[in-house]
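I have placed the structure first, in the form of C-alpha cells, so that the comments after it can refer back to it.
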Amino acid sequence: MARIGRLAFLAIAVVFHMIYSMSIFDVYFVSPIVSGMEAFRVEVAKAPAKRLVLYVGDGLRADKTFQYFPDPSASSHDVSTQEPAPLAPFLRSRVLEHGTFGVSHTRVPTESRPGHVAMIAGLYEDVSAVMTGWKLNPVNFDSVFNRSSHTWSWGSPDILPMFSTGAVPGRVEDATYGHEFEDFSKDALELDIWVFDRVKQLFKDAETDAELNAKLRKDKIVFFLHLLGLDTTGHAYRPYSKEYLQNIQLVDKGVQEITELIDDFYDDGETAYVFTADHGMSDWGSHGDGHPDNTRTPLIAWGSGVAKPVTVRNGIAPGHEDKFSNDWHLDHVQRHDVAQADVAALMAYLAGLQFPVNSVGELPLPYLATSDKEKARALLVNARQILEMYRVKEAHKMETVVHYKPYAGFADAEHSTEHRLEIIEKAIGDGQYIEAIVMSHNLIKLGLQGLRYLQTYDWLFLRALVTLGYVGWIAFAFTTAVDAYMLDGKVEASRSTISIIAFGSVLVALYSYLFVSSSPPTYYAYGIFPVMFWEEVFVRRRALVEAKNKLSSKLSKQDAVKLLLNLLAYIGILEVMVQSYYHREIYTIAYLLAVTWPAFYGMAFVRKNWTLCLTWALSCTAMSVFTLLPANKVEDSNLILLGGSLILLIGVLYIVFEKSLLVQAAPAREGMGANKADGLSRALIGVQVGLVALAMVVTRSSVTSLQAKQGLPLGTQVVGWVTLVASLVVPFLHAFSPNDNYLHRLVIIFLAFGPLFIILTISYEGLFYFAIATTLVSWVRLENRISQAASTSNPTPNGQPLASELQNPLKPAIAAAKHREAALQSGDFRALTLSDARICLFFLFLLQSAFFSTGNIASVSSFSLDAVYRLIPVFDPFSQGALLLLKLLAPFALVSANLGILTNRLKLRGGSLFAVVMGIGDYLTLRFFWEVRDEGSWLDIGESISMFVIASGLCIFVAVLEALSETFVRGVRFDGGPVSTGAVHSNGGLNGAAKGSGAKSKGDKSR
C-alpha cells in the first residue's frame, strides 16, 4: 500500500483489533450446534413420571440454599428467632426424606441465557451467545420443552420467550410479567409471588375449564417456574443480605405450596420435580465470571422416578469430600454433583422424552429410582445420542477439509462406535449391567472427547494465522513509527513486481485453502491482515536498515550492553503488566517505585523542583493504596461524598486562584501555556463546579431512597440525568471563549467527568479519580521540567550520544532539535528516539492502572451495577452496561489529554507516541491470546477470556484516545509559541514533515 496518513493508520488499527478480538470465539468457542441428528429416547413400557415440574431460582447459590441462618424476617430484639435454622425447610425435607441432591456446576459465562440453555437444552453455547440473552431471540436448537407434549412456563420476559419462540408452534406456552416489574429499586419478592399466583390460577381455572383440565392431564407435559426475585434481590442487596435470605424463604414456601397443589390436583404420585438455578452469585451481588460462588448451584430432585436419599449412620457420606457442604448439616446424606447440562438428560428421562439432539449431558444415574438393568439401558441410549452428534459432525468435517485425519479413539474397525455399542449391548444381554454401565460411561466420555477433537480440529492453523497477524501488526506499527516519525518519511518504499506477485500468491493460496475448506467469512478477514502487514514491512525494509545503521554507527560495546539491558528492562515491565492482570497489587509496588523517579535526574533537580516532586510522590503514594483495597466494593455514601468533595475543592480552588495559577503555569518562554482568563470562561467553570455539587446532592438523595427500598423518585432520576448530560455538554461551551492554557484545559476535562464519578460510583472511585488526575498532571509537569533541565544542560559529548541517551532518557529527545527554542517558535517537530519508548511504557502503565485501581478487570463481577440503579432502576442490561462502561472509560480521557499535551510539549508529531504504544500493547494481547482456555476450572476460563478481550480492547481504546487527544489539545499554546490546532498533523501523511512556517501562521492567526 502507499504510505498512509495518520487517520488511515488509526482506522486500520481499530478495524484490525475489532476483527481479531473475535478470533478467540472462532478458535476456542465455536458453536457446538449441528443439525440432522436422529433423536433418541429410553424405550420403556411406562415412563418414570407422567409430568415434570422445573423450578429455577435465578441467581440462587448452593450454599445459601442449605446453610443455617437466624430468621431474617424476625425482629433483631426477638432473642428466640436468633437461633440459626434452615431458610428452606421444605426443600431440605426433600433432601432428607424424598429425593436426591447435589451441586450443579455451571459454566462460564455465568449468565441467564447460557445457564438456562445448558439445563433445558443440554448444551453449552459458545461464550458470545450471552450477548443475545436479554432480547427476544429464539433458541435455535432442540430442548426438553420442545420434546414435551406441552410446556407451561411463567416468569421473566427476558428468559421465557427464548424457548417459546422458535419451538414447535403451540407447544411451549409462556406467561410473563412486564419489564417494568424488574425494578431494582423496589422489593423483588413480587416477581416470584406473581409466578406462584399465576400457577395457582391455572389449576384453579382447570376446575371449571374442561378443555384445560384435559390438556393438563396428558402425559409428557412440563411446568417451568422461573423465579427471578433472587437474582434481582442479590444484585440490589447482595446474597448475604436479609432481603436475599427472605427471598429464599419465600421461594421455599412457594415451592411447597405449588408442589402440594400439583400433588392434590393429580393425586397419582406420578409427578417428578427438579429444583435448581441457572447460576449463583458473588458476595458483591454480581455474576458472569467463573468464581465458584457463581458456578455452584443447588440441584434437588424428588417425586416419581427419583431415587430416595442415601444416608450413613456414622461419619460423612460420599460426595462431601470438597468440604464445601460442611456447614449444611447434611454430611450424612450422599451428595451427587453433576454438570449443568446433565440436568437436561435427567429431565428428559424422568418425563419419558427424547433427549435434546444437541445435548452433551450425561444421565446422572444416582438420581434414578430404577434397577441396574434399566440404568444400563438408559445410559446406552444416552451414549447413542451423543455418538450421533459425533457422526454428523465428523461427516461435516470430512466434507470441508482437504485431508481429514480421524479421531484416534474411533479410527479403526475394532474401536469404531458401532463395535463398541455392540459390546455394550452384549453385556446387557448377558446380565452384566454394572460392566455395561461402566462401558457406556467410558463411551460417553470418549464421544465427548471425539466431539472436542472435531471442535478443535482447526486450532493449530487458526492460532498460527492469528499469531502471524498480531506479530505482523506489531512489526507494521514499529515500521511506521521508524519510517514516519524517526526518519521523517525520507526513505521510499522498495515495492517491486516480484514482491507484489509473491505476496499476492501467498494471499491467493491462503484464500484457496479457505474456500476449499468451506471456511466462514471471518477466516478470510484473519488471513488478509498478516499478508498486508508483512508486505508493508518487507517493502519498507530499507527504512529499518537505515534506522539500524544510524543506531549501530553510534554503538560502542558499552552502549550495546546498556541498550540490551534497557530492552530487557522494557520487556520485564511489559511482563509485569501481564502479571498485573492476575495480581493487581503489583501496581502498588510499581507506584511506590515511581516515587523515586525524579531522583534519577539528580538531587539538584529535586531541590529546584521540590514542590512538584513532592506532589508527584504524594499522588503516586495515594495511587498505590487503591490496588490494596478490595475490588468488590459495598455502597458507602460517605466515601462517595468525600470523593465528590475533593473534586469540588479542585474546582473551587481553581476559580479562586485561576490567574495566579495560569501565571505560574506559563512563565516567559519556559512554561507550557499562555495566560488568559475572562468572565465567560470563569462563569462556565463555575457552572461545572455547580454541577459537581448538584451531583453530590442528587446522589445522596437517590442512595437514601434506594437503601430504604422506597424506589427511585422520578424527580431525583430526572435531575440525575440532567446533571450527567449537562456535565458532558457544558465543556463544549468553552469554545465561545477559548483559553489556550494547558492547565485550564485539563481542569475543564477533569470537571466534565466529575459528576459522572459521583453519580455512578458506590465507594472510593471518586477518590481514585482525584488521585489519578493529580498523578497525570504531575507527570506531565515533571516531564516538562526534565526537558527544560536537559535542554539547558551541557551538550552530549561527541562519540557518546547513545550512552547519554541510555543514562538520561530525555537528553537525546532534546538534542534532536539543535536549536530547541527556535524550533518551539517555528513549530518544527523532532524525530522519535529510543528514549521515547519509556514515555510510551509510562502511558501504557497509567492506562492499565486506570482499570485496575478500582476493580479487577479480569473479573466482570468486580464492577457493581448498584450505582447505575440511580439512573436506570428497571432491568435493562445493555443500557446499564453502557453507563457502567462510560464510567470505566472516563479516566482514559484524562490519560489521553495529558499525553496529548506532553506530545505537543516535547515537539513530537501527533500520533508518534500512540503508534509505538499500539505496537507495544499487542505484546499483552498476544500473550493472553495463547493463554485463553476453554477447559479447566470455570474461574480460569472466565479470566482468560476477560484478559484477552480487555488487552485487545485497550489497543482499540488507544486508537480512539489518539483522536480524543487531538481534540483535547487543539488550541492549547506551548511556550508562547504557535497554538496547537491539530491541522498540521491530522490531515497529512504520516511521513510528512510539519511545515514550520504554516504552523506559525496558523498560530498567529489564532492570536
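Residue 1 is the first one shown; counting continues down the chain.
Including glycine, each Cβ sits where the backbone N, Cα and C put it.
Note that the structure is predicted; figures quoted are calculated from it, not measured.
In TrEMBL, the annotation transmembrane segment applies to 839-858, one of the ranges 339-358, 839-858.
Long-range contacts of the transmembrane segment (522-539) within the same chain, counting only residues at least 6 positions beyond its ends with a Cβ under 8 Å from a Cβ of the stretch, are 1, 16, 19-20, 22-23, 26, 462, 465-466, 468-469, 472-473, 475-476, 479, 493-495, 499, 503, 506-507, 510-511, 514. Mean pLDDT for the domain 'GPI ethanolamine phosphate transferase 1 C-terminal' (449-937) in this predicted model: 80. Nonlocal intrachain contacts for the transmembrane segment (679-698), taken as residues 6+ away from its ends with a CB within less than 8 angstroms of a stretch CB, comprise 640-641, 644-645, 647-648, 651-652, 654-655, 658, 716, 719-720, 723-724, 726-727, 730-731, 733-734, 736-739, 744, 747-748, 751-752, 754-755, 758-759.
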